[in-house]
Each structure stands twice: as structure tokens, then as C-alpha cells.
Amino acid sequence: LCPGSCHPQRDRVVIAAALLGDQAALLQQECDYLQMIEVQRKQCLDEAQLENDTTAGCSKMWDNLTCWPATPQGQVVVLACPAIFMLFSPIQGHNVSRSCTDEGWTHLEPGPYPIACGLDDKASNLHEQQKMFYSSVKTGYTIGYSLSLATLLVATAILSLFRKLHCTRNYIHMNLFISFILRAAAVFIKDLILYNSGELDYCSGGSVGCKAAMVFFQYCVMANFFWLLVEGLYLHTLLAVSFFSERKYFWGYILIGWGVPSTFTMVWTITRIHFEDYGCWDTIDSPLWWIIKGPILASILVNFILFICIIRILVQKLQPPDIRKSDSSPYSRLAKSTLLLIPLFGVHYIMFAFFPDNFKTEAKMVFELIVGSFQGFVVAILYCFLNGEVQAELRRKWRRWHLQGVLGWSPKYQHPLGGSNGATCSTQVSMLTRVSPGARRSSSFQAEVSLV
């Protein structure tokens, strides 16, 4: 029923995938068109089987995009271009035609579908630019997440292996690092399944593995945002509350960071199964998407409010007479503290958080995907590798290993401060508060607000 070999599913997917690239905003619309084409294909083939094959002329034919009706010999059939090309060409009203001859249907006129339906050189060039843009974005966030993953793994290992660094603040940092690691891993898994495994037919119902990868991805992203929120809650509590039970609060933070995202992800998964169980669950234009988006937006908003409150507290602490005259400018220290808090709180997400998904799509994509992918790297550098206590512990370990290698003996180490783990984790207040000794709070955990 069609000239040459017929591969309708492959041809439709290749056309759609090649032209759309990775533009996620059009996935659902593309899926609707492909489903419509599939319905037309089945209808055309069923009607062709019912027609009388002895009829003179050309029989009904499906060419993978259009159904050509049975036509007497010598006539020309003119049809509108398939609706799927509305996704690619802003100019509508193009037609295609075939003639019925004694040898059967002629080739498509005025040329192949891309040419006949308005995908001229200008549109093709625009599409190539879009493909290059999306490819560049994918390359950018792949580099960012790879770099973040490597540094976060090392940072997590350092905070885990050195007992002198064990304290509530660093436990929270480690959980944040792990959430960044899981987010990077989830992105790589999602890309591998969606773009590299050949699972392009997301309209007919994705595989269980594809859906599981999307569930894992949504959970990791939400958990990452909620651990950013935990960092804000913890630091604000240190500055605003005189005394509190760190152990009691820590388990509450664990519940917020890992438990709350799992609850929303489970609800989203169940609703997708019952109401929108199609494709790979990678569409975001459904009301069900708010089950994921709503909590994330709430965490961003709350964290931004906490950020403002913390800056206000720091401004108050840096006012005279608390500041020593020998100190550097309080404004420079406040600016430094603010810049250090931005990646820890994810404050930059507030820029596009409450705009519609289709607002400044390309700018939003570059900002959130590329800039966001390097956030884990920045956090690991600032809160581990540039941390004074971490550097001191690394130097101490290095000197000890060096002595063992040179002298062949292991000297019993006595910490120069003679302090406990809690004391080690409470010596970094100067970066944020740096107030006079008389103005500092007596409790040791209040000193844990330092960031470097």
C-alpha cells in the first residue's frame, strides 16, 4: 500500500525526533500529533482492505504521513500538509500532491514533505540553530554535573572519614552533598534512558524502567531543594535561638530533607499511574505536575525568606559597638557572607521560580540547567575544600603520613587544641559574625554558623 519499504513508526519517530531535538516544551504536542497520525494510519489501512482491488486507477495508499484516497487514472490529488508540520513551520497553508498514472502513484510534489510543507532553508537553519543550542545546553550541564559529582564524592569522603570533623553542621553538609550526588546521578540516568537507549516512542507508554528513572529523578531533585531548605533552617536556628537540642532537631531535618520529598514523589507516582499513565512521565504541562513543582517552589520561597532574615541578623551583629575597630569594613564582610550563603541556600533559583514554564525558555534553561549543574561543585569547594578545619585536618594527616614514611614510626597525635569533636566544629564563627568576645554567645554550637 505504499511505495518501497514501509516503516511507519520508525519514520514518524525519526521525523519528530530529528526536527524537535530535545525541546521538552513541545513533547506533549508532538505526542498528540503522532497519536493522531497513528489513528489515521489504522483507519487508512482498514479502509484500503475493504475497497475493491479491481477498481481501475490507484488504490488508497498510506505513505507514513498522509492517506491518499483511491483515485481514477489521470487525476491529481491535492491534500494539505500533515498537521505535525505545524510544529516546525510558522507559515501554514502548504499543500502536497500526487498524480495517478498507469504505473501507479507518482512521487510527492512539489518535493519531499520537509520542502513541500514549508521547511525551507531559513526554517532549516533556524532548526539547526535550535539543535545546536539544545546540544550545547546538554553538553554544558553534563560537564557541570560531572565536575560536581567528582568534587562532591571527595568532599563527602573527607567529612565522613575525619572524625574531628563530625558534628551536626557537617552532618547536614554531608546530606546536602549526597543530595547533589543523587541529583547528578539521576540526570545522567534520565539522559541515558531518554536519549541514548532508543526509547523515543514515549507516546505509546514508556517502559517500567523509563518511568522508574523519572520517579527517581523527581525525588532526587526535590530532595536536593529540601536539603537546601534544611541548611537555611539550621543556620537561621543557630542565629535566632539561644539554646536548642541539636540531636532532636537533626532528626527533624532528616525527616524534612528525605521524608517530605519521598511523600510527594509517592503521591505523584500514584496519581500518574491512575490518571496519566502514558509515555515516560516526562511531561510538565499537566496539573499533576504541581505535586512536584508546588513543594519545590515553596522550599525556594521559604529559603529566600530565611536568607533575608539571616542577612538582617548579620547586619545587626556587624553594627557598632560589637565590631572591633581593627576589623576590616563590615560591608565587605557582609558582602562576603552574603555571597557565601547564595549557593548554600540556592537563592539564585528565585529569579525564575515563579515565572511560567514558557517564559524566557532559553534563558531559563541556560540558567537553571547549566548554572544549577555547577552548584554542587561550588558548594563542595566553599564548604569543604576551603574550610579551615578541613584544611587543618588534611595538613595534619599529611604530616603524619609523611613522618610515617620518612621515620618509619607512628607518633601518637595530640590535638593542639586538646578539644573534642564539638569544639573542632565550633571554631568558624568569624566568617559570618566576627563580633567581640563579650558579645558572643556562650554556647559552642552558636559558633557553627561560619562557612569557610
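Glycine residues also receive a Cβ, built from the backbone N, Cα and C atoms like all the rest.
Residues or ranges marked as domain 'G-protein coupled receptors family 2 profile 1' in TrEMBL: 43-121.
Taken from TrEMBL, the feature domain 'G-protein coupled receptors family 2 profile 2' covers 137-387.
For 143-162 (among others), the entry in TrEMBL reads transmembrane segment. Using a Cβ-Cβ cut-off under 8 Å and counting only residues 6 or more beyond its ends in the same chain, the transmembrane segment (143-162) has close neighbours at 170, 173-174, 177-178, 180-181, 183-185, 187-188, 370, 372-377, 379-381, 383-385, 390, 393-394, 397.
Sequence-distant neighbours of the transmembrane segment (174-195) (same chain, 6+ residues past either end, Cβ-Cβ under 8 Å): 22, 138, 141-142, 145-146, 148-149, 152-153, 155-156, 159-160, 202, 209-210, 213-214, 216-217, 219-221, 223-224, 226-228, 230-231, 253-254, 257-258, 280, 282, 373, 375-376, 379-380, 384. Under the heading transmembrane segment, TrEMBL lists 174-195 (among others).
Look at TrEMBL and you will find 215-238 (among others) tagged as transmembrane segment. Listed as Cβ neighbours of the transmembrane segment (215-238) (distance under 8 Å, sequence separation of 6 or more from its ends, same chain) are residues 168-169, 172-173, 175-176, 179-180, 182-183, 185-187, 189-190, 244, 249, 253, 256-258, 260-262, 264-265, 268-269, 281, 292, 295-296, 299-300, 302-303, 306-307, 309-310, 341, 344-346, 349, 445-446, 448-449.
Per TrEMBL, the feature transmembrane segment maps to 250-270 (among others).
Taken from TrEMBL, the feature transmembrane segment applies to 290-314 (among others).
As annotated by TrEMBL, transmembrane segment applies to 334-355 (among others).
Note on the transmembrane segment (367-386): residues 137, 140-145, 147-149, 151-152, 154-155, 158-159, 173, 176-177, 180-181, 183-184, 187, 340, 343-344, 346, 348-349, 351-352, 451-452 of its chain, located 6 or more positions outside it, place their CB under 8 angstroms from a CB of the stretch. Annotated transmembrane segment per TrEMBL: 367-386 (among others), in sequence order.
Per-residue pLDDT, averaged over the domain 'G-protein coupled receptors family 2 profile 2' (137-387), rounds to 84. Secondary structure counts, DSSP: the domain 'G-protein coupled receptors family 2 profile 1' (43-121) has 18 helix, 21 strand, 40 coil.
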